[in-house]
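> Before I ask anything, let me first share the structure, which is written out below as structure tokens.
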């Protein structure tokens, strides 16, 4: 009976933190379709190819908000979903490239044809995208982990210092 009373008195999403404290975790996800290639890579991914990327953001907090509007919440899920969607939408149906990875002539031809190109200062791997999105979302949230799936079975995660 003691087990059941404890089970129902503590929310399932409340875990022991690193230093013995309790933490709340919220997750939300968005997805986008885009293409990329890995310049200098010797394998299939050196060619332009596309993915249906899935991004899962996990944020954390030691306590819940107290203001009347958000009382009992880590944050408003609607705000978190909206902010992650803004990031995901910026990549949607774009060619994601590492700056300087295309010849100037090819790059200009794509621009002239009104292709949506996202230039990043790093190779557009799932690992680097996870870190990039983690840092963008961390401007407004205490992000615990950012997962980027490039396929249903392959995921890269980025987590700040534990």
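Cβ atoms here come from the backbone N, Cα and C positions, even for glycine.
Given the structure is predicted, the values throughout are model-derived calculations rather than measurements.
Heads up, here are the entries from TrEMBL:
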ACT_SITE  45  active site, proton acceptor
ACT_SITE  93  active site, charge relay system
ACT_SITE  150  active site, charge relay system
BINDING   36, 49, 51  Zn(2+) binding site
> In angstrom units, rounded to an integer, how far apart are the Cα atoms of residue 150 (active site, charge relay system) and residue 49 (Zn(2+) binding site)?
11
> Around the recorded Zn(2+) site, report the further residues of that chain (criterion: Cβ within 8 Å of the mean position of the Cβ atoms of 36, 49, 51; site residues excluded), sequence-ordered.
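Here the nearby residues are 34, 35, 37, 45, 48, 50, 96, 150.
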> Using DSSP with the three-state reduction, classify residue 93 (active site, charge relay system) as helix, strand or coil.
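The residue in question, residue 93 (active site, charge relay system), is coil (DSSP, three-state).
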> Which recorded positions are spatial neighbours of residue 45 (active site, proton acceptor) here, meaning Cα within 10 Å, out of 36, 51, 93?
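Within 10 Å of residue 45 (active site, proton acceptor): 36.
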> Determine, from DSSP, whether residue 36 (Zn(2+) binding site) sits in helix, strand or coil.
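Looking at the DSSP assignment, residue 36 (Zn(2+) binding site) belongs to a strand.
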> What's the CA-CA gap between residue 93 (active site, charge relay system) and residue 51 (Zn(2+) binding site) in angstrom, rounded?
10
> For residue 49 (Zn(2+) binding site), what is the secondary structure by DSSP, using just helix, strand and coil?
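Where residue 49 (Zn(2+) binding site) sits, the three-state DSSP reduction gives strand.
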> For the residue listed as 'active site, proton acceptor', list the number of other Cβ atoms lying within 10 Å of its Cβ atom.
14
> Near the Cβ of residue 36 (Zn(2+) binding site), how many other Cβ atoms are there if near means within 10 Å?
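So the Cβ neighbour count for residue 36 (Zn(2+) binding site) comes to 26.
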> So how many other Cβ atoms are close to residue 93 (active site, charge relay system), meaning within 10 Å of its Cβ?
12
> Just checking, which of 49, 51 (binding-site residues) has the fewest C-beta atoms within 10 Å of its C-beta?
49
> Within 10 Å of the Cβ of residue 150 (active site, charge relay system), how many other Cβ atoms can you find? Include all protein chains, please.
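19, counting other Cβ atoms within 10 Å of residue 150 (active site, charge relay system).
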